[in-house]
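What TrEMBL records for this protein:
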type	residues	note
ACT_SITE	B:Thr197	active site, nucleophile
BINDING	B:Thr160, B:Lys186, B:Thr197, B:Glu284, B:Asn407, B:Ser412	substrate binding site
2 protein chains.
Amino acid sequence: MAGKDLPVSPLAVPLPEVPAIAGVSLGVIEAGIRYKGRADLTMMVFAPGTTVAGVFTKSRCPGAPVDWCRAALKAGRARALVVNAGNANVFTGKAGRDAVAATAAAAAELVGCKPREVFLASTGVIGETLPHEKLTAALPALHAALTPERWPEAARGIMTTDTFPKAAVRTARIGDTTVTIAGIAKGSGMIAPDMATMLSFVATDAKIPAPALQALLAKGCAKSFNCITVDSDTSTSDSLVLFATGQAKHPRVPAEGGAMLKDFARALDALLLDLALQVARDGEGAQKLIEINVTGATTARSAHKVAMSIANSPLVKTAIAGEDANWGRIVMAVGKSGEPADRDLISIAVGGTWMAKDGGVVPGYDEAPVVAHMKGREVEITVDLGLGRGKARVWTCDLTHGYIDINGSYRS
Amino acid sequence: MAGKDLPVSPLAVPLPEVPAIAGVSLGVIEAGIRYKGRADLTMMVFAPGTTVAGVFTKSRCPGAPVDWCRAALKAGRARALVVNAGNANVFTGKAGRDAVAATAAAAAELVGCKPREVFLASTGVIGETLPHEKLTAALPALHAALTPERWPEAARGIMTTDTFPKAAVRTARIGDTTVTIAGIAKGSGMIAPDMATMLSFVATDAKIPAPALQALLAKGCAKSFNCITVDSDTSTSDSLVLFATGQAKHPRVPAEGGAMLKDFARALDALLLDLALQVARDGEGAQKLIEINVTGATTARSAHKVAMSIANSPLVKTAIAGEDANWGRIVMAVGKSGEPADRDLISIAVGGTWMAKDGGVVPGYDEAPVVAHMKGREVEITVDLGLGRGKARVWTCDLTHGYIDINGSYRS
């Protein structure tokens, strides 16, 4: 976890330069919730009129902040976001609900809005009471120092076991106007998002009605955060929230969105995938990023399940850590998925080289290009089931000693 | 894998003394299939009239030997079993089917039976052609040296990554007659049996019609092998086969079994659970055996799913490896199961000490007894969902550096 001086993932990408987004000011502060000597409380304030969309964990045991956000989302309006790192405020009963209400009330008073216009997220240890009086005590100083420029600090402020901060920026055209989308994310372990990831916050200056914004976000999430896994463990705190401040001067977007948002949707999808892949690149202990393509499945949904079964297999992931293109374990993972598959039609390629075709090893198979590919930082696996036209692509990372090191002593 | 001189699991149990089972002779030989300097081919021959039952992997990509056994099982009769270690004969296409047919034919000729009365199993690397000519060449010498006493050698002969041989013995009464049941098993990784385990072979001198035998085996398997997991990866070769030689002199058992087999069923269930727990105790890299009890679920099926979600969570298993009673991760695993759960009703105990009740930490919770329990070799977790009367019990092991060591370089 942060503070343990984990080595930075070899798959890390540099933090991009994030421009100011009109209508957003943000900042961080050290509230001393759990970590010492680092900012752990992040705040964003949005211009009046900001619309909001969100997708959250499908866990049956979500954290109190997730419950709060789901309820707040109904009105489709947002004025502030408060995020703390180090304590997830999950499985904390009434104390958890009280903490959420107190934090929202304190932030609302500073911003001059309703508590229900404040969005909240917490990440860190589960099952310990959140000392929310530390949050509320730190909020006035935090609020007083917000500026439009502090995206890099925010990207760092929400980290837990992450080894590098994660942000992404895209621009898009709505009519003749250029709008900007910026986002940050955190996540490294307990990553098997089920409608969202650990935490990701995205803002744009576009003016988009909440229903259209929600539709775009759900669609983009399905192709990005829902296609990554680190360890098959779905977090209780997964939250992806998108804020649209409406400061850009473009023609009016109808509630249902439509053709006008085509380029915006493209840019949003690209940004969400960028952030999701950064999370996979920072998977706990990751040494290799793995892309898994499944084709020839009976349906796209079936292809996704097969791909996820491969991506979540400890035996596939340890084989890749050992730079072993062990296709037998891939066959095993296809078989255990329970999805339609015919052993004798399956073909498997690694790094573009077909190792197995139609249920057996390729005659005269030359291992050399596969061995070379396995030594790289990015490993690509393709499985063709030979049954239909369903396809899917997911990403994961390898399973190494680093994962055991990090998670065998997380709380200590 | 065997031959790598893995340290013996600290959870190992001694090999019991296995008596001769009337109507069974067995032995092992070094066929040089993959391993050097150890027996890798095991044979059992059964008296004429032996009935048989089996349960096999639900993998959609089973090995050729599994296909063979499923077909052979239809007649309900067995005269021989041939098992090789080192090569699973899975994903080997026509060559795999040819290997199976050739091996069965060679064994049948030696024994003087039909090929379909020969049962086969292979375990080891997936996706490599089985050099079955090495098997058939070794069979005559193996067959010539079979004796009723060689159960310990057979238990060792079927091992792959196992660090200790696994066997179990029970006796039961049918009428006034005592019958004996003996079994061996192998398995250490790729363990998430779905109707069976890796490999387990059980024999009894009882005379039980095949339909009754099959019903007993399926029932016993559901409470034993289907309640263990090491790494969530279901093998393509899982096979559990039970042979009844009919040599014991007890009253005739009807086809449907019934009350007469009550004590036999009890003994068989105990033997299967004994073997299954030995597999969990030998989980790759295991340092601790973990028992997970789930109560208060809406149904038994739901309880089983929740228990397996906890047992398969890498974050729960690494926490236990680190001797950390991290109940937050248990809550996470309950939540991700997708089964009915109400966060605010969940209670969690470790080693009999309730840490969390009704959705939050127990007031005045004293960690001392839990910390002491976590340091032991056997860890017991109880989760009460507070919803209904469904309950389940499953077993797993912790996830340690040993698992990564073993599986990051299996084929090398």
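Glycine residues also receive a Cβ, built from the backbone N, Cα and C atoms like all the rest.
Among the binding-site residues B:Thr160, B:Asn407, the residue whose Cβ has the fewest other Cβ atoms within 10 Å is B:Thr160. Proximity to chain A (Cβ-Cβ distance under 8 Å) holds for the following binding-site residues out of B:Thr160, B:Lys186, B:Glu284, B:Asn407: B:Asn407. Mapped onto three states, the DSSP output places B:Lys186 (substrate binding site) in strand.
Mapped onto three states, the DSSP output places B:Thr160 (substrate binding site) in coil.
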